[in-house]
Amino acid sequence: MSFSQVFHQSPRGWIEVICGPMFSGKTEELLRKIKRWKLAKIPVIIFKPKIDTRQQHLVKSRNGHSDEAIEINSPLEIYDYLTKDRFDVVAIDEAQFFSSEIVEVVKSLNDLGINVIVSGLDTDFRAEPFGSIPQLLAIADKICKLDAVCNVCGQLAQRTQRIVSKSNETVLIGDIEAYEPRCKLHQPSAG
């Protein structure tokens, strides 16, 4: 059965983006919403990028909450998982790591009546827009912008500071050993 056969013309779905710096609770918020839909018996499928090797086959928050996720290399792989079963909600964690194809995939799912919720970093460690998150924010029906707490002063943190100097590459998979939340005042410029 093809993708288009599974999804007939449906009313348009909604798109929600959860964004903010590291340690702001993006994955926790995503998992909270997923749990609510599952309790209401709404079919949900969760995807994450394979490049994020911190928790294989899981979307897991720092609070210890988790749910099973399908690891994919390309956003186009999402279509392969939607040909057999109908899902009302597609959840995508760490979306900043996907190619720009993620925007077209989210739009096409939305046009087919599938609700899509995406979480990811909106800026990198240089406070520059990260990946395709800005384009996803532009098409979102709802945006949940979260803050962390600055590790230096305790004020609201909107930025992620890389605290290791391995490279200037934008993508360096890590956690508390490599990054910490910072307010605008306490984030030095570029890396």
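Cβ coordinates come from backbone N, Cα and C, glycine included.
K26 (ATP binding site) falls within a helical segment according to DSSP. Around the Cβ of K26 (ATP binding site), the number of neighbouring Cβ atoms within 10 Å comes to 27. The ATP binding site annotation in Swiss-Prot covers G20, P21, M22, F23, S24, G25, K26, T27, D93, E94, A95, Q96.
For E94, the entry in Swiss-Prot reads active site, proton acceptor, with the evidence type sequence analysis. Secondary structure from DSSP puts E94 (active site, proton acceptor) in coil. Cβ environment of E94 (active site, proton acceptor): K48, P49, D52, S119, G120 lie under 8 Å away, each six or more residues apart in the same chain.
What Swiss-Prot lists as Zn(2+) binding site is C150, C153, C183, H186. According to DSSP, C183 (Zn(2+) binding site) sits in a coil region rather than a helix or strand.
Of all the binding-site residues listed here (S24, D93, C150, C153, C183), it is C153 whose C-beta has the fewest other C-beta atoms within 10 angstroms.
Cα to Cα, C150 (Zn(2+) binding site) and S24 (ATP binding site) are separated by 10 Å.
A separation of roughly 22 Å, to the nearest angstrom, links the Cα atoms of K26 (ATP binding site) and C153 (Zn(2+) binding site). Ranked by Cα separation from D93 (ATP binding site), the binding-site residues C153, C183, H186 are led by C183.
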